[in-house]
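Feature annotations, courtesy of Swiss-Prot:
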- H22: active site, proton acceptor (ACT_SITE)
- H22, A401: anthocyanidin binding site (BINDING)
- D126: active site, charge relay (ACT_SITE)
- T148, Q363, H378, W381, N382, S383, E386, E402, Q403: UDP-alpha-D-glucose binding site (BINDING)
Amino acid sequence: MGSISLPEKHHAVCIPYPAQGHINPMLKLAKILHHKGFHITFVNTEFNHKRLLKSRGPDALNGLPDFQFKTIPDGLPPSDVDATQDIPSLCESTTTRCLDPFRNLLAELNGPSSSQVPPVSCIVSDGVMSFTLEAAAELGVPEILFWTTSACGFLGYMHYAKLIEKGLTPLKDASYLSNGYLEQSLDWIPGMKDIRLKDLPSFLRTTNPDDYMVKFVLQETERAKKASAIILNTFQELEDDVINALSAILPPIYTIGPLQFLQKEVKDERLSVLGSNLWKEEPECLDWLDSKDPNSVVYVNFGSITVMTPGQLVEFAWGLANSKQTFLWIIRPDLVSGDSAILPPEFLEETKDRGLLASWCPQEQVLSHPAIGGFLTHSGWNSTLESICSGVPMICWPFFAEQQTNCWFCCTKWYNGLEIDNNVKRDEVESLVTELMVGEKGMDMKKKALEWKNKAEEAAKSSGGSSYSNLEKVVQVLLSK
């Protein structure tokens, strides 16, 4: 991935939505653009900047002369430094309060105090931080929107307006959540024939005609049409029909994933220390995995936002215990809503020789470890794609947003996943974990997962890979003025 020889250094400002699952892919992309010759300014919120310093150490965000970290406020009142922020509040705050601080930051970057820094020449913004388009237009620079969802999740959001128009949402009353209404199949969304209403991004399951998240999705998908281009962390071969459907209704769309494979070309050691985990990682997990047989461990991690009830936690625990499989289970400090995650002492005693509990881990390294044989996941897009990159089949327990859509594609199109009922019961956990790890269906899924891994690697190859060649096109868009 040779760096382009830029006559004068171009300066890309990268601004992710301030949540873990959005910061990770944006930082990968920023490192790739830096490798391509761009000066990078990476913009975190002040809240997340503090969290990163706490989890990664006081020098973690010193950056480099041409890769700097800056902050803007998120507009929310202060909260517990280790808690995941409330998503609707954060969406409302970024939409209404972040444009002026972002404008001020751009003015500072272009001002006399930044004489050693080239002027801002392009913006790469998270797809749901579209207020930045206004600032890009004022500066007269191109802006690319990076939707960090799957293509299928993004297409689901793009159809919210049509779902409202057809009267499918908001729901008439709360009984529609459980009376079979959400099970109906839709045959009119291109690239998603026969998807059930329940498999579309979950914000539509509201009875409130003024639901904020629905309004937010409508606003962000409408503004997406104003971008110079849209990029997605996926690859053409995985979501071909969906990407073609998106391309028919939006500005140029470029699939540049999996970014974790494209990033392998970046050999700059100075960049490898720049990480993005908001929780302190426990790398001891990897030492423990080294002592396990290949394909013998179930990895359990519900991501950075999922919360569950104490009852659900206990059902997962006993399902894992009763499966008799070896497991590595990541339990965030705030995994149980409004409570601390307390596991039954009997469970801890029974599984002490075959289970390891940790609060956070370096997930890409864990998933690519030969000991991992399956992944019990919330189906967030980063986790799903990292699982695909490692050739690991999944049990899917989606929590919210487009995770349900990712789950549907895993289970019905890609054949590398099994769905677990939202109303989790230990018997189902036990039977699915057993099937995944030692059953015939599990073996078929493992084969399919390895096929997808190979296709992902092909897409990222510099010799003709679809994502690699799209990345070159993205660079050209960012260089255009």
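Glycine is no exception: its Cβ is also placed from the backbone N, Cα and C atoms.
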Out of H22, H378, which of these recorded positions shows the lowest number of other CB atoms within 10 Å of its CB?
H378
Three-state secondary structure, which DSSP defines for the residue listed as 'active site, charge relay'
strand
Roughly how many Å lie between the Cα atoms of T148 (UDP-alpha-D-glucose binding site) and D126 (active site, charge relay), rounded to a whole value?
7
Which whole-number value in Å describes the distance between the Cα atoms of D126 (active site, charge relay) and the residue listed as 'active site, proton acceptor'?
8
Pairwise over T148, Q363, H378, W381, N382, S383, E386, E402, Q403, annotated as binding UDP-alpha-D-glucose, what's the top Cα to Cα distance to the nearest Å?
20
Are there residues of the same chain, six or more positions away from Q403 (UDP-alpha-D-glucose binding site), whose CB falls under 8 angstroms from its CB, and which are they?
G153, S202, H378, S379, G380, W381
How far is it from the residue listed as 'active site, proton acceptor' to N382 (UDP-alpha-D-glucose binding site), counting Cα to Cα, in Å?
9
Assigned conformation of T148 (UDP-alpha-D-glucose binding site) - DSSP reduced to three states:
coil
List the Cα distance (Å, whole number) between E386 (UDP-alpha-D-glucose binding site) and A401 (anthocyanidin binding site).
19
Using a 10 Å cut-off on Cβ-Cβ distances across all protein chains shown, tell me which of the binding-site residues (T148, N382) has the largest neighbour count.
T148
Under a criterion of Cβ-Cβ distance under 8 Å and sequence separation of at least 6, what residues of the same chain contact A401 (anthocyanidin binding site)?
T149, G153, P201, S202, F203
So how many other Cβ atoms are close to E386 (UDP-alpha-D-glucose binding site), meaning within 10 Å of its Cβ?
22
